[in-house]
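S.K.: Dumping what Swiss-Prot says about this protein:
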type	residues	note
ACT_SITE	E276	active site, proton donor/acceptor
BINDING	I242, L243, V244, Q249, G250, E251, G252, H253, G254, L255	acetyl-CoA binding site
SITE	W200	site 'Interaction with histone H4 N-terminus'
Amino acid sequence: MALKQKDTDAAATATGTKKRRRVFFSDTDAGVEANECMKVFLVWNPGEVSSVDCTAIQPFDLNHFFGEDGKIYGYKNLKINVWISAKSFHGYADVSFDETSDGGKGITDLKPVLQNIFGENLVEKEEFLHTFSKECEYIRTAVTNGSAIKHDGSYESDPAVEIVRVELQGAAAFLYSRLVPLVLLLVEGSTPIDIGEHGWEMLLVVKKATQEAGSKFELLGFAAVHNFYHYPESIRLRISQILVLPPYQGEGHGLGLLEAINYIAQSENIYDVTIESPSDYLQYVRSSIDCLRLLMFDPIKPALGAIVLSLKETNLSKRAQSLRMVPPADLMETVRQKLKINKKQFLRCWEILVFLSLDSQDHKSMDNFRACIYDRMKGEILGSASGTNRKRLLQMPTSFNKEASFAVYWTQEIEDEDEQTVEQQPEDLKTQEQQLNELVDIQIEEIAGVAKNVTSRCKDKMTELVVQ
């Protein structure tokens with residue numbers, strides 16, 4: 001890591017006089033946010049090093065690496081440029097500034113912070129430049145030791161790209177350790193996985209280039225997945241991290257990784273697939289894929305049709321209890337067994353499928369759909385606190401009239417005063433209602449976004465079938 005001070009002030013000499021000491025009060029150092037003075041670049045050759053015209057990556061937030069306030073103190077005109085090799089994933093940091101001074105907040109020690117992010121990957125410039133001339137054997141070894149995942153929809157348009165499944169040990173574990181800085185920078189809330197723990201695997205998206213000296217592999221992205229025990233005798237597959245390198249994002253590699261994982265889960269009869277704290281975009285892609293799979297899954301059609309019919313014909317304003325858009329329990333189990341979609345994800349996709357099946361111009365059914373989303377979110381956010389100590393209506397279906405049959409009962413008060421719900425004032429309830437409606441609008445907007453993507457992808461699928 002290179003640190004350079006642009007200008008060095010002459011040292012001040014002290015006088016030996018006994019005059020009264022003068023005290024000067026300077027402005028408190030406001031500091032500078034790391035996001036404003038630090039940039040990270042991904043480079044493929046030595047000529048790009050020290051150039052700011054190369055591929056810049058956009059970390060989700062650099063500030064959180066620098067203390068609670070995310071600021072760096074004690075530097076004037078600070079610039080931190082970090083270059084990461086796309087071949088070996090080593091890094092080189094160039095730090096420059098005009099001068100340092102303690103403005104009341106001390107002088108931030110940059111070296112341990114950068115070491116905390118980049119670890120042993122961070123090397124001096126000469127060594128960093130030398131890494132470009134060497135073949136990264138651990139990438140080649142990891143790919144060679146793995147097995148290619150072949151399934152319907154895998155990279156038919158570009159046979160040079162493939163997904164390789166490897167156990168997280170040996171060369172693959174070493175490769176992952178090199179990728180950790182990019183994971184920390186680009187995957188919000190991520191932490192390095194424990195590669196010593198049993199059950200970890202990686203799926204690598206690689207592009208193979210055949211040369212005279214042999215095959216050369218370029219890493220485009222990866223997923224880290226964990227196989228863990230599910231009682232009594234099955235395995236669950238949890239996706240811990242998915243990362244596509246910045247230049248290759250938007251090319252469908254993340255989608256390809258998810259499809260490969262689904263293929264593994266079905267072919268090996270995994271219990272189900274889960275994702276650890278997915279980002280909004282990853283959840284968007286995942287839901288789009290799962291909705292497409294569900295649309296082609298015949299067992300859901302009767303239940304889906306029944307829900308859609310209820311939304312079209314039911315008048316929720318006259319019901320004692322709101323209609324719930326919940327699929328039958330046996331259908332949820334069938335979906336888990338056949339498609340390996342877990343219950344929470346299926347419920348999310350179910351609402352999207354219902355939305356897709358409704359006519360957006362039918363105001364009654366769309367209003368009923370929104371009412372169902374509202375009731376679900378109200379229950380999730382407010383829980384039982386929203387309905388304590390009050391008269392309730394419980395729908396009791398009978399052979400006479402399903403719409404009009406109900407029972408009335410009072411909820412019991414909690415004896416412990418500390419556990420009782422504080423009665424809310426009308427203005428508080430109004431604010432709560434407004435906030436809840438805003439959240440419902442956001443939820444429906446997200447549902448509509450996935451539905452639009454699914455519709456577009458369905459058209460593409462139909463076009464492919466016609467061409468074939």
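Heads up, the Cβ atoms here are built off N, Cα and C, so glycines get one too.
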S.K.: Fill in the CA-CA distance, the residue listed as 'active site, proton donor/acceptor' to V244 (acetyl-CoA binding site), as an integer in Å.
M.R.: 17
S.K.: Including all protein chains displayed, how many Cβ atoms other than that of W200 (site 'Interaction with histone H4 N-terminus') lie within 10 Å of its Cβ?
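M.R.: Around the Cβ of W200 (site 'Interaction with histone H4 N-terminus'), 21 other Cβ atoms lie within 10 Å.
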S.K.: If you count CB neighbours within 10 Å, which one among the binding-site residues I242, V244 has the smallest count?
M.R.: V244
S.K.: Counting all other Cβ atoms within 10 Å across every protein chain shown, which of the binding-site residues G250, G252, G254 scores highest?
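M.R.: Buried the deepest by this measure is G254.
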S.K.: Closest of the binding-site residues to W200 (site 'Interaction with histone H4 N-terminus'), Cα to Cα, picking from I242, V244, G250, G254?
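M.R.: Checked the binding-site residues I242, V244, G250, G254; minimum Cα distance to W200 (site 'Interaction with histone H4 N-terminus') goes to I242.
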S.K.: Can you tell me how spread out the acetyl-CoA site is, meaning the largest CA to CA distance among I242, L243, V244, Q249, G250, E251, G252, H253, G254, L255, in Å?
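M.R.: The widest Cα-Cα gap among those binding residues is 14 Å.
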S.K.: If you run the three-state DSSP split on E276 (active site, proton donor/acceptor), which class comes out?
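M.R.: DSSP call for E276 (active site, proton donor/acceptor): coil, neither helix nor strand.
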S.K.: Taking 8 Å from the centroid of the Cβ atoms of I242, L243, V244, Q249, G250, E251, G252, H253, G254, L255 as the cut-off, which other residues in that chain fall inside it around the acetyl-CoA site?
M.R.: V205, L220, G221, Y248, G256, L257
S.K.: What is the total of other Cβ atoms whose distance to the Cβ of E276 (active site, proton donor/acceptor) is within 10 Å?
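M.R.: E276 (active site, proton donor/acceptor) is surrounded by 14 other Cβ atoms within 10 Å.
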